[in-house]
């Protein structure tokens, strides 16, 4: 390189003899000189002047003084009581080594100063450092820790100045002198002190933390991250090596992962984010506020990294100039070789620190925001649906309405939206890194190509609006995809959560079509997004290439300059850097766009929440209190005035929809208090109408985080009649009950919720209809043991019930009607008595038989680790699974086409660079160079390469799109057709996770990763081949680098895959608690200490999640640093080889080789990471394939056994035409188990139900009643015997056909999000008239009124809002609690319901239904379930305790409708009812009494009562003995009247 112009102006100061003024002259020389080779002499002169040393000492002293003053001020202001923990001890070996090294360095420098007096400047800072290093050992821990920073600063600064003084002058090409021995010793001694300082483990100083009052935070302990050396922390991440070695030898376990540092503990972060939220209203400002230091650090690291990424092109430019003309060089090539290594290394290390800080920002942000969202949901009222929809759609009027529930939306905010917001952290790359790079790249273009480079950058700037426009299109697609995903997941969650109902009604195909329809809409948007992404990527590729052609054209054509190797390949390298930065900017813009949508959703949520209603402390009392569910709700509890009896039993009763549950919720603060006064104790135990239980053991559910007291616990178990149930379970009270108690019966769940309330020490207990799910004998026993003893002594009980004999024994009886208190009856001092005398009760219990255990998952008694179970379900993935995935992408021809497209793209990319080298070397052949020809070929190859890359990406993406479509459909079909035995063992949340996380992975990640891996492999292959073809000797270091890279990658992958597996598993408990909490929010918030307890539990589950996340991110830094070091060394080797071969090779070919080599680092590292991530993502693919291969409930209808009619095989195996003609059922010696080879549940059952009969099945909980009904639906395994339905053996009938031929009304009615019409007829095949007739038949039951849409008198809007019982209400403030609202004038005359008036707010087929029917009361949901059954017109109807929770009037209405329906079209339709309420079945034709899985009694109700057997005992326990006895002992007409 030609030397730059020398000094052109005189020195500012003449030489002066005074030593003290020498530094000013050197400083002036340095800043008054144009940069050339002379700058080296000026820097060296400044270094030995003494000014830098003086500045270093002053800086250290100021730093030390400021630290001491700051510590004193903090101590004087702080009143925090810290958590007492011990500091780490000084490590003698490292401390002694450090002291020896400092002493040796000081000695060498003193000797050097004695020989050369000017070097005393170096002795002073080292001497201060030595003395300070000794003095710090005599100080306390905090001072010892902080003073070490000043010691190392003095030594490091002195070493740097010494290098500038002695080593820098040797870089001049003409320098022929070496270093003196004493100077070499000085450098080595100071270097040794710094090496010891870098590798010395840091001392851990315990933090001073404020002990949280309500939260439980573990004591901080030193972690490897806090105690590792500076060398490990900032350079090598060596503290991760022990874990990686462990992962190399065996699969990692949770104990192998480094602990979480104290400053990342969730409960340390929670107060910070809550305080930040108070100061800042928006989520973005909140994040900036509480993570300000992290953001500043990230900005500094990324700016440094993007600055040093241009060091390698600068070094290659000068090295190629040296190779082209060694004689003109003014600096030694060793400098450029060093920069080719040091530049990428500094860039790598700084970028890895940026990534480290950004991932730590991610972990802290996720932990803090998740807890904040949980905390806000815990302390806020439930949002209205319109607000939830606005959050989902960002308030856009043209967007589709969200169909998700409030809980589902909150879970989505916690998962996807928080992640999307935190991914915006890389905005700093676009805001800080890319601008720095653009400025430096522009300067580089100008230095290398002059104005032509600036023209190229100007062209790129003019093309900027195009990607911005495309990104806006992408943002719109992303928003639509999010909404489509929400809709699909909501449908799947809803249907799979009620999978039993789906199978009851054989709706599998209907559900499949509905979900797949939502999926098709989602995939249409996904493909549109892929096309837009391809266009963006192509524009990002094409614009820099066109800019490159402009630069070369202007440089060669207009400026008429020769295109040298240094210019060509440096420009190409700069353009590649620019292209990567623009691609990164595009990617950042995409994440920012996505993140802004999520930020807006989070801000809308936080702005919409309102705190819970709080009441003054005092006795439970309401004075003229008026409540609304929300501010916009029409239904109200109006002017409620009640003084509840303290330490007494207060009973609330009333018709369905009258406001009973609303009153309880109002007193819990869940409703808005509009007027009046309410006082209440702060601590209440609440058992809701639909029992809420956690996925824990029975014991844990009862304790509910309270301390265990054996005596109290045993008494609660006895009072709730749980002892016998626990004896039947293999693990007793250690049995895990599954999600919301799936292995328990309805009565067992109610008693578990009651036991939880009883075990608590809350002064007030709210019980919402706990007796409805209990059989008569169990209810009588619970009544006696809980309410007739001193079990509840001193506690105020508020009980909602429909049982009349309980209300008569209450101290206070409140009757609700239409949201108002209709009547208040006081019976102070009433003595509560058991239902029957003690002697009778004992005999009845003794003869009731053994309770049969309800179906439960295999191994349900084992207390399993949820994380370990999920890890095990992930399994290890074979790398050959990629071929299995490719088969889903397309045919063999398609797969071959994929490979060919990848090789074409790789070959075109290398050909483009090779042609540039050929063009450059053509100048040295002494021939005419046709610039247009060379430029045209280069432009053509570049364009073809760009187009081919886009085509290749679309081909891969289409294959991934097709694979995701096939896999989703197969997954959905697999789980819908899975047998119920499979569902017993499989949590619904895990299945939904397959449709959410794993399908999302298949949509967004797997296909892209397969493409990237294939493309990168081909790129590495062509790069190695190209470099080795030019420099064959290079194949050795290249292969060595690949070998080491693969080895490091394998070590990383073995640990990384397991960590990713554990990471996914640790997500599940967090998501599970969030969803579980949202379901049981009212129960949790009722207790005064429960919200803090659950926040503690969330933090406990967040700790392992954060711990695994940090370890997973850190091992990525570990492998990145090592691979970058290896490839940087390979680049240096390539440079050395190129210098040695400079005389025999053209500069163009050398540049071509070096340009391929310099890209190896990123390519190998990228490949290792992508292979690791691909193996992780393939776990999701494997899980999906496993679910697809589930053995279906019915393998195929074509192979069904021949049908059997009345014991004789039907010819051809076809069912008779018009089957079933009647509802007759016969069981012949039937023995049933839940699973093949399992325990017999029903034993030798012989029963016959004639067509047209109404049959009741009664018995104690667990006696086999439900099993009998499930057997008719083929949900059990018939071990022996036959079950005939209309003469056909049901085991020979395909299950779907069988279930379509009968109807069941289950105990818990299931409604889905949609309309009444879609709920009554999901398949859409039933005529509208039939639907309207069914609704009209049920009018007047449970505040239920139907209106015809065509009736002009009722043409008004059917708008609704939430009610206290979750009902959809009209705007009529005078209506009752629900929308479907009772016409008070409706009457039941002679068994017929006659509507006599119309209600403006009545139902229509278009009435909206929320998920799970939340806008209807429990009774109304059952009435709609009845309508659904009427529509099917089945010959056999099954009722499984469907009216247990209804009041007597509603129950009577249901029975009247059923009687009318059975008498329609002849008496050939059979009704089988499982009942606890005996009054319901007094007029039935037949009663079957079950006990211990056997038939105990069969006969008419009157016959069985007269036998004085089991049925008689049940009447005795019913609490209505006198009324029932009068019916059974009276005349037939009395019996009919009583039933009505």
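Indices start at 1 and increase along the chain as displayed.
Each residue, glycine too, has its Cβ placed from N, Cα and C.
According to TrEMBL, the transmembrane segment annotation covers 55-73, 120-139, 151-170, 295-315, 335-356, 428-448, 454-475, 885-911, 931-956, 1006-1027, 1033-1052, 1119-1139. If you look up TrEMBL, you'll see 308-594, 896-1175 marked as domain 'ABC transmembrane type-1'. Residues or ranges marked as domain 'ABC transporter' by TrEMBL: 620-843, 1225-1517. Annotation comment: TrEMBL describes 842-865, 1348-1378 as region 'Disordered'. For 1355-1367, the entry in TrEMBL reads compositional bias 'Polar residues'.
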With a Cβ cut-off under 8 Å, give me the same-chain residues at least six positions beyond the ends of the transmembrane segment (1119-1139) that come close to it.
235-237, 312, 319, 322-323, 333, 336-337, 340-341, 344-345, 348-349, 352, 355, 1027, 1031, 1033-1034, 1037-1038, 1040-1041, 1044-1045, 1048-1049, 1051-1052, 1145, 1150, 1153-1154, 1157-1158, 1160-1161, 1164-1165, 1168-1169
Cβ pairs under 8 Å only, please: of the recorded stretches 55-73, 335-356, 454-475, 931-956, which one is richest in them relative to the transmembrane segment (428-448)?
454-475
Which one, 55-73, 335-356, 454-475, has the most C-beta pairs under 8 Å toward the transmembrane segment (295-315)?
335-356
Sequence-remote contacts (6 or more beyond its ends) of the transmembrane segment (454-475), Cβ cut-off under 8 Å?
438, 441-442, 445-446, 529, 532-533, 535-536, 539-540, 543-544, 546-548, 550-551, 554, 575, 578, 582, 586, 589-590, 593-594, 597
Could you tell me the mean pLDDT the prediction assigns to the domain 'ABC transporter' (620-843)?
83
